[in-house]
Every structure is written in structure tokens, then in C-alpha cells.
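Trainee: Swiss-Prot feature annotations, pasted as is:
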- 1-18: signal peptide (SIGNAL)
- C92, H218, H222, H228: Zn(2+) 2 binding site (BINDING)
- D158, R190, G192, D194: Ca(2+) 2 binding site (BINDING)
- E219: active site (ACT_SITE)
- T274: phosphothreonine (MOD_RES)
- 275-324: repeat 'Hemopexin 1' (REPEAT)
- C278-C466: disulfide bond (DISULFID)
- Y360: phosphotyrosine (MOD_RES)
- 374-422: repeat 'Hemopexin 3' (REPEAT)
- 423-466: repeat 'Hemopexin 4' (REPEAT)
Amino acid sequence: MLSLPLLLLLLWGMGSHSFPTVPSETREEDVEMVQKYLENYYNLKSDGEQIEKQRHRSPVVEKLKQMQEFFGLKVTGKPDAETLNVMKQPRCGVPDVAEFVLTEGNPRWENTHLTYRIENYTPDLPRADVDQAIEKAFQLWSNVSPLTFTKVSEGQADIMISFVRGDHRDNSPFDGPGGNLAHAFQPGPRIGGDAHFDEDETWTSNFRNYNLYRVAAHEFGHSLGLSHSTDIGALMYPNYFFTGDVQLSQDDINGIQAIYGPSQNPIQPIGPQTPEVCDSKLTFDAITTIRGEVMFFKDRFYMRINPYYPEAELNFISIFWPQLPNGLQAAYEVSHRDEVRFFKGNKYWAVKGQDVLYGYPKDIHRSFGFPSTVKNIDAAVSEEDTGKTYFFVADKYWRYDEYKRSMDAGYPKMIADDFPGIGDKVDAVFQKDGFFYFFHGTRQYKFDPKTKRILTLQKANSWFNCRKN
């Protein structure tokens, strides 16, 4: 009879070669992590009897596949590096598939006027900051539903909120810093609806780990009856990301309104939607190369491709650069400086790797010499061979010398004159293998700057290995 850790080690030996091998000195530690993760969030039974009964269809493999499918990973049933990376991310303690409820079916509050009480306060933040974070988190949900929330200072409330650590006598102990950040129980009597936050975490009111407002808003979704979402852009996605602007996605809004009905507001609120890489109508805000990869930006998200992995990675911009705003308008790489510059409005940021350089953001007029009539940059690209950077603004473009750090004389010029066939407006552009790739709406033009000719016309998302467009 195989023990669960041994079975996991055997699975590792059969692992995919698409990802880096797990170092042997950390393998045992990761095996234990995988076991605990699947037990905690995917209802894996660790008893040897179940494994023996399902010897030819291992429950470990099935649970790994279930987890990989939930997170949109390549479904292999093997604990590859990408799977381990997702498992190591901080997250909500509510399981993704197992029951974590006190009532059968789809629990909901019968009363839409709910009360909450903060039983104790974390010392990480001033009490006023905790009160504000909790109030704002509830307001997110009340804005899109008929629910109201009133704070009480004593007695039993519908939703009791506490900061605790370790084993706090609810059969769901916390695990220390990182990992399981908080959990909440779905509507019901006694502990139903209550939210617990791990006091071993450091709670903040900014982008540093962990933003209390962001985590509380997620947990209160559980308190109201919502389960986890597979939509990475949803607030109810299980893993923790801080995107700067905590908001409900359309997926979250649809979920809460399915339980309680629409908001009482005359105009129903609409939330952002997560881009789908194989959507034939997909457009981009900005695109740039970065150290051999290509990154496409849309709203709060980036989509990344590299030569070694065919699937596009979709994630939040804030994962790499929490200081950058959402809705970037232009970006380009300065390869000889190992920098990427991002633009929004009249400001730009320079980054090296995952670090935003000191002194940024800066003003585009002072740094590049744009006239005051230029309010923002639509697109930008830098030629690696010449050090010339092209800035596209409305139907004109400027050319900037990265070595001299000055605008070239004789600009701006008309886009249509020097880049015939691409139209007079550019949404995004990048250079690869000597060619420019211009994007406007759902179209992409491969352009040869030497011959000034369009070579191909394709869908904007043709880089994403989609079967149909």
C-alpha cells in the first residue's frame, strides 16, 4: 500500500518536462505542501484505504487535475512547476470544491438588512483604518444588491468579525504568515456568516501584503453565500492579488444578484470583465517586448507569451508592478538600458525587471519635449538597432533618439505618409525580428519598415495559439 507522500513523489518522477525540474532539496517540502493543499481545498482523503481502492485511478491525480482545471492550468495530474507556483500563492482558506457551509443547498440570508460586529482589532492598523476597510468592503456588495449593512458594537450580529491565529476552535486553523489569509462561513445560524482573519498576517491599507480591504471584501462574499470563482478577474477568485482598485467584476455582480436580486439603484452597476485571449474581438491598450517575451496589456491585465511556452499567461499587471496604474496606454522596451517604459496620460514610468525605478512617474513633456497639446501617447516602439523611438499620437508620430535623449528635427509627421496602409491611428505597436506589428481595433498589421510595406494582416490575438479566430 502506497503512502500519500510516496505516491506524490512517484508522480513527480513521471512529471512533465515542459517546466523546470523541482530541486531535490525542496522536493519533500513541496510534496507535503501539495498533500496539504489538496486536503484543505479539494477534499483529498489522506487515508491509505482510499488510495488502495483506487490504485489504478489515483485520487491524488484526480484532485490535481481538478485543481489545475479550476485555475486554468494545463491539466496533467502532475505537480509541475506551474501548479506548485499557484499552490504557493496566498489565498482564502475556504475550499474550492469541498463543503464549507452550515446549511444545505444554496445558503442565503432571508433578511436583507444585516448587522456586523468587529469583535477585536488587529494592532497592525489604527482602529479607524480597520473600521473604514470593513465598511468599504460591505459597501461594495450593497452597491450592487438590495443588501444593507449596519455596524453594531455589542451583542450578537449576523456577521461577527475577528482577528485570530492558529487553532481558533472552528475546525479550520490558520497556518501562520502567508498561505491561508482568512476564511468566512456561508449564511446560517451561530457561526454562519462569520469572518476570521489570520492575525499572523501583516494587515495594511496599501499595496503591501496584505490589504485588509481587499481580503475583507472577498471574505464577505462568502458571508453572503458566494463560492469561489474560476474567473481570475473576479473578487471571488481564491488567490490573493491586489490590483490597486478593489472592485467587483461582472462575474461577482452576476453571482450576488443571482442570490439576492438586483440593486435598488435606477441604473444597474456594471463591473469589468476579464479578457479572454481567444476572443476574436479582443483589443489591446498597449504592447511591448520585455527580455525576449511579449506582453499585451488590457485594462487591469497583461497577457504574456514567450518562445518556450505556447500558452498565453493572463494575470494582473499588479503582480509584476503594483505601483503601475491600470489602463496603460503605451509601452516600449529600451533594450540597451534593460528598461521598459509605460505611459498613461501625461506621465510615464520606467521599470527594470520587476522594479519601478526611483523618481518615477515623470512628465512626458519635460522628459521628451512633447508640446503641451499632447495629452497622452497612443502607442510607442523603439528600434533596437538605431535607438530611435517612435511615439504615435492621434494621426501623427514623433521620433526620439534614445542615445542623444532628444527629439529628432522635422517631427511630428503624418502616420499615413510614412506607414502606408495601417491607417491613421495606432492603438499599440511592438517590434520583433526587424518588423513592426501595428494594432488597431481587432486588426494587426505586420509592417516592414525598410520597404514600407504591409506583409500580413491578421487578428489582433493571433499570437495566442488559438484554434479559431
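Glycine is treated like the rest: Cβ placed from N, Cα and C.
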Trainee: Between R190 (Ca(2+) 2 binding site) and H222 (Zn(2+) 2 binding site), what is the CA-CA distance rounded to a whole number of Å?
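Mentor: It is 15 Å, counting Cα to Cα.
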Trainee: Other than C92, H218, H222, H228 themselves, what residues in this chain have Cβ atoms within 8 Å of the centroid of the Zn(2+) 2 site's Cβ atoms?
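Mentor: For the Zn(2+) 2 site, the extra neighbours are V94, H183, A184, E219, G221, L226, S227, M236, P238.
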Trainee: Tell me the Cβ neighbour count for C278 (disulfide bond), meaning other Cβ atoms within 10 Å of its Cβ, over all protein chains shown.
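Mentor: Excluding its own Cβ, the number within 10 Å is 15.
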Trainee: Nearest by CA distance to D158 (Ca(2+) 2 binding site): which of the recorded positions is it, out of H218, H222, H228, Y360?
Mentor: H222
Trainee: May I have the DSSP-based helix, strand and coil counts for the residues of the repeat 'Hemopexin 1' (275-324)?
Mentor: 4 helix, 25 strand, 21 coil
Trainee: Which state, by DSSP, holds D158 (Ca(2+) 2 binding site): helix, strand or coil?
Mentor: coil
Trainee: Using other CB atoms within 10 angstroms as the count, which residue among the recorded positions C92, C466 scores least?
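Mentor: C466, out of the recorded positions C92, C466, has the fewest neighbouring Cβ atoms within 10 Å.
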Trainee: Residue counts in helix (H, G, I), strand (E, B) and coil for the repeat 'Hemopexin 3' (374-422), per DSSP?
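Mentor: Grouping H, G, I as helix and E, B as strand yields 4 helix, 20 strand, 25 coil.
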